[in-house]
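Visitor: Here Swiss-Prot flags 269, 273, 479 as active site, charge relay system. Swiss-Prot lists 523, 524, 543, 545, 547 with the feature Ca(2+) binding site. Among the features that Swiss-Prot reports, domain 'Peptidase S53' is placed at 181-567. The N-linked glycosylation site feature in Swiss-Prot is assigned to 236, 529; the stated evidence is sequence analysis. Positions annotated as region 'Disordered' by Swiss-Prot: 1-21.
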């Protein structure tokens, strides 16, 4: 037997080991098979950084499969071996390099020399809020000790196995002081202040939105949207922002669970994700991927983005309003999924989180959240816009509203601070190093070096005017600013003449954002991200230039289009329009 590199799954402090999983219990898991012999390595960030922005080329889904997919021989060999061991093969995909398997616990133990056990672990406070208050603030999950082992027949063919650890890692986002006269805005109002293009035909664009809540213990979906709400919302928007999207629910099966939309129980998080992104990207298609927050759930989601089925369109932009502190994730086991998406030109946005510098981890240390901390992902922080003048000028502060009873941007009376800091998992990426960003200093004067710094950009966190279950609603958090920018860059792609495969695609967007002229950003210089619940925990402050509270700043849509038009000029066909 050979140990499978990277398969160990250490359990967080406070986790209790319970009993062994029943021998006959059916477990669904995913086997990841090596790329075909002779396949090139996926381009890394340094390679993307070295290619002039307008000269970058991206593959189609079919091109990706031909270039980077697994060989059919390897897929068949792995599937046949597992079938002979008594396991059931549910599906296989050479392009993705995946084999979906159903097996009894005893069969898994026999083949992989791993004992599956039940564990009880604490849920993050943010995750607890979405569950029945009568339930304990913990989860019971399946896991194992040590690492997975491979028999000789699978050694070198299998590079990872997902699904033998079912813990949750992730929670939704939304739940100093504000500028004068700060109040929640309608998305279209903020778009006008930010100079976003209005009325651009984004019908060629597809935005993917992750709905990762899963189901409750009764099998009811915990994250849903209501088509009638989406229609009503856009019927109430002004011209230039009132073209409704085509929303496509994508049901995913993870292990033995299938997740799908339940329109009878719409939720705020997902509803506003759809409405915010599509307000900016007029007429776009929005694919909503229903999954869960397990490791296997993330794999199912990101693989489906790359390999759409049936009439689904492949997204060129993805928005993720879920996060988990990155020390509890397994970077090289999941980061490759974002690296894959870069090859086909897909850009991914994710929240910085709403809990400040400690990212909701009460251990006295700063933490950042994954997937925003992944260097392939554009991480979005939060600001508050206020003091809006008739000229369109305004004041913008970093979002820092812990225990601020006078603020419209505080959740439950005390929560609400933008995330940001330095990853302990991912190294400083080339695009930050080449921009002179190699260290930051916290409130105690300590220098942080060597890690990936987040956020990359930042934006307004408080919107009103959404319609959920037929009623007007508002939402607060970096879960607002993230789909906002997903919509912007979809609209910019259309304004530049792009759309779909063969058009203008941005791919690994951070390698663009850090190269273009800094004049496209509004530098945020006021505010901090003190979490406020651990007095000894270090935090960071906004200042001139890049900082780990507001990143490069908030994005000026007009200036960004002008800068990108200059870069992509040989390819551009249309220029969009602006609403002042």
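In case you wondered, yes, glycine gets a Cβ from its N, Cα and C as well.
Could you place the listed features in the three-dimensional structure?
Guide: In the three-state DSSP reading, residue 269 (active site, charge relay system) counts as helix.
For residue 273 (active site, charge relay system), the same-chain residues lying six or more positions away in sequence with a CB closer than 8 A to its CB are 209, 319, 321, 479, 483.
Secondary structure at residue 479 (active site, charge relay system), taken from DSSP and collapsed to helix, strand or coil, is helix.
Mapped onto three states, the DSSP output places residue 545 (Ca(2+) binding site) in coil. Counting only same-chain residues at least 6 apart in sequence, those with a Cβ under 8 Å from the Cβ of residue 545 (Ca(2+) binding site) are 523.
Annotation for residue 236 (N-linked glycosylation site): spatial neighbours 242, 465, 467, criterion Cβ-Cβ under 8 Å with sequence separation of six or more.
According to DSSP, residue 529 (N-linked glycosylation site) sits in a coil region rather than a helix or strand. Other C-beta atoms found within 10 angstroms of the C-beta of residue 529 (N-linked glycosylation site) number 35, with every protein chain shown included.
Residues 27, 105, 112-113, 115-122, 140, 142-144, 146-152, 155, 158, 160-161, 165, 328, 330, 332-333 of the same chain sit 6 or more residues outside the region 'Disordered' (1-21) yet have a Cβ under 8 Å from a Cβ within it.
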Visitor: Would you pick out, from the recorded positions 479, 523, 524, 543, 547, the residue whose Cβ has the largest number of other Cβ atoms within 10 Å?
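Guide: In terms of Cβ crowding, the pick is 479.
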Visitor: Between residue 269 (active site, charge relay system) and residue 524 (Ca(2+) binding site), what is the CA-CA distance rounded to a whole number of Å?
Guide: 26
Visitor: When secondary structure is assigned with DSSP, how many helix, strand and coil residues does the region 'Disordered' (1-21) contain?
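Guide: For the region 'Disordered' (1-21), the helix, strand and coil counts are 0 helix, 7 strand, 14 coil.
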